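Read the structure below first, then the notes.
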Amino acid sequence: MPFRLLLLLILSLPTAFPAEIEFSEPRISYFDGIDVENKCMSRLERRIEGKNGILVSHSHYDIALYNGSRNCFIMLAAPIGYRIRLRIIKFDVNGLMPECEKDTLHVFDHETPIDPNQPHRPTDEAVIPGPLLGQFCGKVTNTSELVVSRLNAMTLWWHTDPDLPKQHGGVGFKILWSAFRKEMSAPCAPGHEFACGNKECIPASLACNSYGDCSDDSDLQPVRQLQNKCELAVCLCLLCICICFCAPRHAAAAQQPKFQHEQDSRKEYTPATEETSSSSRDGNKYCPPPRQPQPPTFYPPSPPMRG
C-alpha cells in the first residue's frame, strides 16, 4: 500500500507547481548540427526564442573536433523587457585573442527590440545586427559574464577556417545564454521572477535549474531556491529516487510467499516413528514413510577378455 501511495503522490505532484512556472533545464542548440533544426545557416535565417539555453559549436562536441569551412548564424530573442547575457561553460578553439583571424565567434548587439511572438523575417531591416560586442577565439575561461546585450536580442556568428585540417587543436565551445533585467526599472515580480543577489531579475523558471543564470550565481543558493518554491522540484526528485528504491523491494516482497512455499516443499522428510504413528491415531495428519530406492534394471557390460 505505501508503494501505491507514493506512486499516486508523484503523479499528482505536478499540479502543485504554479502554472506560470516551468521547471526545466536549458534547451541545447547547435551551430553546426546534424538535424534540420540545428543545421548551419549562413544567413540570418535561424532565430531561437526563449528565456535561456545552451549553444554548442557542433553536434559531436566532446566526441570529435569541429568542422572547417563553416559559416553559421544564430539570432537569440528573449521576451521584450529583458536583456541577454552570455556565460562561458567551455571555450577552446583555434586562434589567439584578440586577433582571431580564422576560427572565431563574433557577437553582435541589436539596436531595436525583436518581438519573439512575431514571425521571423530575415529580410526585415529590424533584424539586421547592430554593433559588434566582441569576438572570441583561443581558450576563454570567463565564467561570470562574457557579453551583455542592450535590448532583448543578440546575433552570434561562428565561422571556421576553410583550410582547417581534420586533426587540429580546437575542441569547440558551450555557452549559456540567459534573459535578465535590472531591478532599477521595476522590482522583481513575485511568482514570475527570481530576485538575484545583485539587484537583477530573471524569469522564475530559470531559478531551479543546475546553471547560474544570475551573474552572481545567487540562483544556485539553496535558501533563495526555497524562496522560489524550488523545494517542490527537490521533493519530486526525492520521490522519484524513493520510488526507484522501493519498487524492487515491493516486487521482492510480493514473491516472498511463493519462495517460502518452494522452500517448505524442499524440506527434508522425517520418517514416521511410533510417536508420530500414535499421534496420527489421535487425529493428526499421518505422513507415510519415504519411498525406498529401487535397484537398477540393467548392469554395465563386462570388460573384454584378453586373448
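For all residues, glycine too, the Cβ spot is worked out from N, Cα and C.
Note that TrEMBL annotation is computational and uncurated.
Keep in mind that this is a model prediction, so the values were computed, not measured.
What TrEMBL annotates here:
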type     : residues      : note
COMPBIAS : 259-269       : compositional bias 'Basic and acidic residues'
COMPBIAS : 287-307       : compositional bias 'Pro residues'
DISULFID : Cys196-Cys214 : disulfide bond
DOMAIN   : 40-180        : domain 'CUB'
REGION   : 256-307       : region 'Disordered'
SIGNAL   : 1-18          : signal peptide
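For Cys214 (disulfide bond), the number of other Cβ atoms no farther than 10 Å from its own Cβ, over all displayed protein chains, is 24. For the domain 'CUB' (40-180), the number of residues in each DSSP class (helix H, G, I; strand E, B; coil) is 3 helix, 57 strand, 81 coil. In the predicted model, the domain 'CUB' (40-180) shows an average pLDDT of 94.
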